[in-house]
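As structure tokens, the structure follows; a few thoughts come after it.
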């Protein structure tokens, strides 16, 4: 990788799962993981990439799982949204400790804790080089944080949605269970939907398809992968339309 890389993308939307914040703890938030992620995001900011960020809440709460155990689904989803706000606040703190300006916006009004989501304000902040962390999902139950990430990416005119996962892309089967699973370097939205490959929920993929928003699935734990993508490197799996050139 060159010492002074040129960015390929001006603005991206990065989706992190809540589980990635746990580290080896198994629950909650590992500050060491936050600091590592802040450092990697800081590398992007340092070369002029504008970063929007969405973090899941699965390290703290999973509404869908508890709804199956009897908790009202809407109540559970609202609790899950609050978990994403907690993660967003923790990430903001880590970014600020690394001298990276950041703002948390929430789809649910939380005066005195976060800013309320405002697209025009988010665009201004991104233009000024601040990292904007979008929390509380879409603000509506039954929508995942994957859908929220794609929605926010489309709204703020990101050029690419990046989904960080535990594995280095999308496979034909679960590589943890099936050693013969094959990794795809490229996929179309249609193939993901038809074969239900489980990259994201289908609502998120349909949204990206409708708005021609490319998605790249990559392994966050791989050192330098995030920076490599934004300077044009080939990491993980790219999902796009049939007629779209390499994103």
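The backbone N, Cα and C atoms fix where each Cβ goes, glycine too.
UMP binding, as stated in Swiss-Prot, involves 57, 138, 139, 140, 141, 142, 143, 144, 145; the candidate among 72, 77, 118 given for that site is 77. Looking at residue 165 (ATP binding site) and residue 144 (UMP binding site), their Cα atoms lie 15 Å from each other. DSSP gives residue 17 (ATP binding site) a coil state; it is part of no helix or strand. Between the farthest pair of Cα atoms in the UMP binding residues (57, 77, 138, 139, 140, 141, 142, 143, 144, 145), the distance is 15 Å.
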